[in-house]
Amino acid sequence: MDDLTQGDICRVCRCEGQSDRPLFHPCICTGSIKWIHQDCLTQWMRYSRKEYCELCGHRFSFTPIYSPDMPRVLPLRDVAGGLLSSVARAAKYWLHYTLVALAWLGIVPLTAYRTYRFMFSGSSFDTILSLPFDVFSTENIASDVLRGCFVVTCTLLSFIGLVWLREQILHGGGPDWLERDDAPQQNDQNQEQQAEANGGQADANDAINNNNNENNNNEGEAPVDVPMDNAEPPQADAEAADADNDLANGNEEANWNPMEWDRAAEELTWERLLGFDGSMVFLEHVFWVISLNTIFIFTFAFLPHCIGNCVISYLGFLRPDKPLLHFHGLLTTLFGYCIIGVTLIMLHSLARLLQMRKIRWLLGLCYIVVKVSLLSVVEIGVLPLICGWWLDICSLPMFDASIKDRKTSFRAAPGTSLFIHWMFGMVYVYYFASFIVLLREVIRPGVLWFLRNLNDPDFSPIQEMIHLSIMRHARRLVASAIIFGSAVMLMLWLPIQILKNIWPAFLPYTLSGDSEVNELSLQLLLLQIILPGFFEQSHTRIWLKGLIRIWCNVVSWLLGIRSYLLGSERSAENEDAAPPPRPPPEHGQGLGAAHQAILERDVPVGFQPYDRPTFFPLRLIGLVFLMCCSLVVSSLVTLTVPVWIGRQCMALWSVGGHISNPAQTVVSSETPSRPHELYTAAMGTYLCWIISRGIAIAVNLLPQGRQAVVQKLKQWLSVGASYALAALIFILMLGVIPLMFGLLLELVLVIPLRVPLDQTPIHFLWQDWTLGVLYTKIACALTVMGPDWRLKRAIERACHDGLRDIDLRFIIRELAAPVITCFGLALAVPYVIAHSIVPIFFTSQYTRILVVREIYPCFLIVAIIIAIIYFQIRQFKKLYVAIKNDKYLVGQRLVNYDHRKKKSQDATASGAGVATAASPAAEPAPVPAQSPVEQAGGGGTGAGAGGDAAPGIVAF
């Protein structure tokens, strides 16, 4: 060894090899970084957390060193003991995790819902006594647990919202009247302290404390409630106060032990909180969660409900002969919150008259919480719901429906009806707000002064709810409802009325499923292929923005209001210029104006001056009129053109037939059924998008000349040639594989469960392919989310390469061929057995049909059993190695890299997960089993690596 390592040094410690610390060459690296000590390498691996060389990427290998007295085969007693201990340990963990799951997923939601049901069921004294038995009753336990999960989720979200609102008030400040509550009392105390004998130091401290308030203006005009005497303390007293404060802070810091807080933070982790650390401390957390759930339900749900119910009953709105049919609990709870808010206002005014400062501040804080909660419910729940109902009412003629039909559906399922209308209202509000954001990017800043700017970084709806009054919020909500409602009438009701008079045969839209093409197939095809491809395009927003800019240019030219609508060209040229320097503020006006600007939350942002032409009001009226006309025309085109194109395409799709007339009341047996308008609208919109895209490309290329067009065509031809290679991939990946996947699942699950033996199953290949597309997407997502293996790496590489850099050979060899082979064997082998081998041994027709029908599920069960057996064998091998390492492992030895044995090492490592034995050139002493690179602990500093050591190498 000395001869081999003479002159060589370790790459880490730069020392030569010794008899007890030989040098190894464990990787492909050569030269001065070839050699390393084993202890240096293990220390580097411990800190770097890497098991391979950072330079060459070769994984280091270690051979285990066992005790000389280790037998070739472990005794049955040792294996049985290790197996029993492993089973006992697994049983312990399973019992503990089962208890954790029962506690958090069973007891907590069950007690939450049954406590909620007990509070809102009009309980009597008997029900109070039987409450402990009702909570743990086994009746309807599954449904109660599901409902309890919803109750716990609501309470958890409400608690998080309450904490977040508190943080908003603390960091963003409360309203003026809440912040002003502390000023008079503090100033009275300051004046009393100034009259004392030792007032010098106290005056300085009070003045410093007063300067820390939000409303303190030490420059400029002082607030009414703050005397000017406390505006600035004497310099000497201030320095003395700073010294005293520093001393006090030093004493507090001396008494503060950060280790205690760190220990508490380390102890309270999610594993310890939920019980996944193996301890039983989580039972205490479960008890506290149940208690807090009960208190939260009682305080924030039951009390407002009782208050609202009592007031409604007292006012006569709720009588036995006049009950609230729907949503009685929700409406009475909201009304109870309104009563609580009014009561808090009155109590706050009374506390202000009685000069009860702390109580007044607490009542004001509670009122802010109630106000923000009610305003959030109104803006997130009520306003979208009103928009959804208004959308439905204005679109009734489009679907040949009436208000009576909507009333019937509401009475049948009120909750579902409200949710659907709320969802459509939320979608409408979201897209309306997105359109306003897009509109602000085109027009002059300041035109839409009456609408809130969502792109403003200072815009915070929660802060507005905290600071603005209820009347201002009410005016905003009414204005928003008027704007939304007017837009719906212009975009839906008026175009529908025009369409009914001009083209009466076009309406109504068909929403029934009387189509020859399977509805489920078209729906999945629409959701999985057409709509993702349409909505993922970024050109739609660019086109819409361009159309808005063209419309604004035309209208501003017609009305002569370009400066007002788009801004003057001079302003646009001077946008990049530096703004003029702001004049210095006058004496006593700087800080007060800054504070006023901070507190003023409705100032116009980004206002730009404009030229005011003659007859300006009439021009604005013309602008509004043209805007309304443009909305009506664009909505009319959107409602007719895509649907008409889609109907013609669907007519060609449906065996070249002609779509029946929508207004035709008598439908004969020869009249072809009309497809669902969702599909016609989607297909027409997609075709319109393709045509528009082609026109946009042509418009951009034609002004560039013939050479640019030819060059672009050559580029497209080259791209098309590369895409032609992807056509085979498209057929394999989106044609063959989904079809085989869907057909296999139908043979394995659907047909044995749904088709009786006396009926013949019929395969719809179109439906099988459509379902297979969905199954394939789910399987790919699960594969990518799963562990690292061959198929995952192939999918990730295919997605990373894309269509332009696609490797056809790799896709076919690594992805398509293995998947198609597996699916082909799964489909063909049972079919061959059922139709070729089984008829030789069985002549009964019933037996043959039974075998054909049940052979695919049987093969699936056999495959699952084989997989379980294989998994258990692997686990037993790991357990055997762990038992052997635990009893006889004394150390590990680094393995040298050998070019001659590289192929055999790779084959051994990939097949059995082990590396070859160490080179005989290095015969070092074994490393203790406590090394961080070992697989298992055990052993001490036992015998050396002689010839008596049992062979065995573990690769890392």
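Numbers here mean position along the shown chain, with the first residue as 1.
The backbone N, Cα and C atoms fix where each Cβ goes, glycine too.
Listed in TrEMBL for this protein:
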DOMAIN    2-63  domain 'RING-CH-type'
TRANSMEM  94-113  transmembrane segment
TRANSMEM  145-165  transmembrane segment
COMPBIAS  184-221  compositional bias 'Low complexity'
COMPBIAS  229-238  compositional bias 'Low complexity'
TRANSMEM  286-315  transmembrane segment
TRANSMEM  362-391  transmembrane segment
TRANSMEM  477-496  transmembrane segment
TRANSMEM  542-561  transmembrane segment
TRANSMEM  620-645  transmembrane segment
TRANSMEM  678-702  transmembrane segment
TRANSMEM  723-749  transmembrane segment
TRANSMEM  769-789  transmembrane segment
TRANSMEM  810-834  transmembrane segment
TRANSMEM  854-873  transmembrane segment
COMPBIAS  936-949  compositional bias 'Gly residues'
* Best-contacting stretch, by C-beta pairs under 8 Å, relative to the transmembrane segment (810-834) and drawn from 94-113, 362-391, 678-702, 854-873 -> 854-873
* Secondary structure content of the domain 'RING-CH-type' (2-63), with strand meaning DSSP E or B -> 18 helix, 11 strand, 33 coil
* Outside the transmembrane segment (477-496), six or more residues from its ends: residues with CB under 8 Å to it -> 378-379, 383, 386-387, 390-391, 394-395, 397-398, 428-429, 432, 450-451, 507, 628, 631-632, 635-636, 639
* To do: Note the mean pLDDT of the domain 'RING-CH-type' (2-63), expressed as a whole number.
  => 84
